[in-house]
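Going by TrEMBL, these are the annotated features:
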- ASP35: active site, proton acceptor (ACT_SITE)
- ASP175: active site, proton donor (ACT_SITE)
- SER8, HIS66, GLY142, PHE143, GLY144, GLY145, ASP175, GLY176, GLY177: substrate binding site (BINDING)
- HIS33, ASP35, HIS66, ASP175: divalent metal cation binding site (BINDING)
Amino acid sequence: MKPIISPSILSANFSNLAHDIEMLNRSEADWLHIDIMDGVFVPNISFGFPVLKHVAKLAQKPLDVHLMIVQPEKFIPEIKALGTEIMNVHYETCPHLHRVVQQIREAGMKPAVTINPATPVLLLQDIVREVDMVLVMGVNPGFGGQKFIENTVEKVRQLRELIARTGSKALIEVDGGVNLETGARLMEAGADALVAGNAVFSAPNPEEVIHALKNL
Ligand code: DX5
Ligand code: ZN
C-alpha cells in the first residue's frame, strides 16, 4: 500500500501561504496537515482561526488538523467549521479522552489520538478501537525541522500489533522528522500515513519530494 502523505504547512512560507497551498493542491499529497499550538502544551504558538479560515478556503485536500493545545474539546465547533476531516488531539491533554473522542465523532469528524515520544503505545489499549487514527510523534511537538527520534520506529511496530490484537481499524500516522529515509523505515514498520514539513518545504522542488514520499 502506498503511504498517505500529509504535508505540514507549518514549514510553508507564511508570507505567501496561498502559493504553497496551491502547490499542495497540484501535488500528490493526500491530506493537508495543520498544526495548531497554544504556547502552553507546547513551547510555541503557530496560527489561529483567522489565518486557518483562509487556508481552509484555498485547500482542496482533506484537512488533518493536529491540536497541540490544552482542552482541545473547547474548539470542536471551530475545527469543524474549517471543514476538517480528521481532528487529532493529544493523549497527554485529555484526561477524559473517551468523551472527547465521542464529541469529535458527534461533530461529524474523524477522531484521532496523538502520543508524544515518551507516551507508551500500550496506554492506547482501551481507546484504540474508538479512533480512526493514531498519530505517533517522531519528535517532541512544537517545532518543525527537528531530528527524528529513533524509538518511533519501534513504537509503530508495537502499535501495529496492538491494532491487530484489538481488531481496531485505526490508521497509523507518524509526524516529526519524516523524510525519505525515516519514511521508508516507518512504512516497513507498519505506518499508513506520513506527515512531512521540513522535508517537503526546504526542498528545491517540494512536489518532487511529495512524489518520492508517495512512492516509498
Ligand atoms: C511538530 C508538528 C509537525 C511538524 C513536522 O510539532 O506537529 O507536524 O510540522 O515537521 P517536520 O516534518 O519538519 O519534522
Ligand atoms: Zn503535526
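In case you wondered, yes, glycine gets a Cβ from its N, Cα and C as well.
Features as recorded by TrEMBL, highlighted on the structure.
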| residue | record | CB count, 10 Å |
| --- | --- | --- |
| SER8 | substrate binding site | 24 |
| HIS33 | divalent metal cation binding site | 27 |
| ASP35 | active site, proton acceptor | 25 |
| HIS66 | divalent metal cation binding site | 28 |
| GLY142 | substrate binding site | 17 |
| GLY144 | substrate binding site | 22 |
| ASP175 | active site, proton donor | 25 |
| GLY177 | substrate binding site | 24 |
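The distance from the Cα of ASP35 (active site, proton acceptor) to the Cα of SER8 (substrate binding site) comes to 7 Å. If you compare Cα positions, GLY144 (substrate binding site) sits closest to ASP175 out of the recorded positions HIS33, HIS66, ASP175. Neighbours of the divalent metal cation site: apart from HIS33, ASP35, HIS66, ASP175, residues of the same chain with C-beta atoms within 8 angstroms of the site's C-beta centroid are SER6, SER8, LEU10, ILE34, ASP64, VAL65, ASN88, LEU135, VAL195, GLY197. HIS33 (divalent metal cation binding site) is 4 Å away from SER8 (substrate binding site) when you measure Cα to Cα. Checking the recorded positions ASP35, HIS66, GLY142, GLY144, ASP175, GLY177 against ligand 2 with a 6 Å cutoff on the Cβ atom leaves ASP35, HIS66, ASP175, in sequence order. One way to see the shell of the substrate site is to take the Cβ centroid of SER8, HIS66, GLY142, PHE143, GLY144, GLY145, ASP175, GLY176, GLY177; the remaining same-chain residues with a Cβ within 8 Å of it are LEU10, ASP35, VAL139, PRO141, GLN146, VAL195, GLY197, ASN198.
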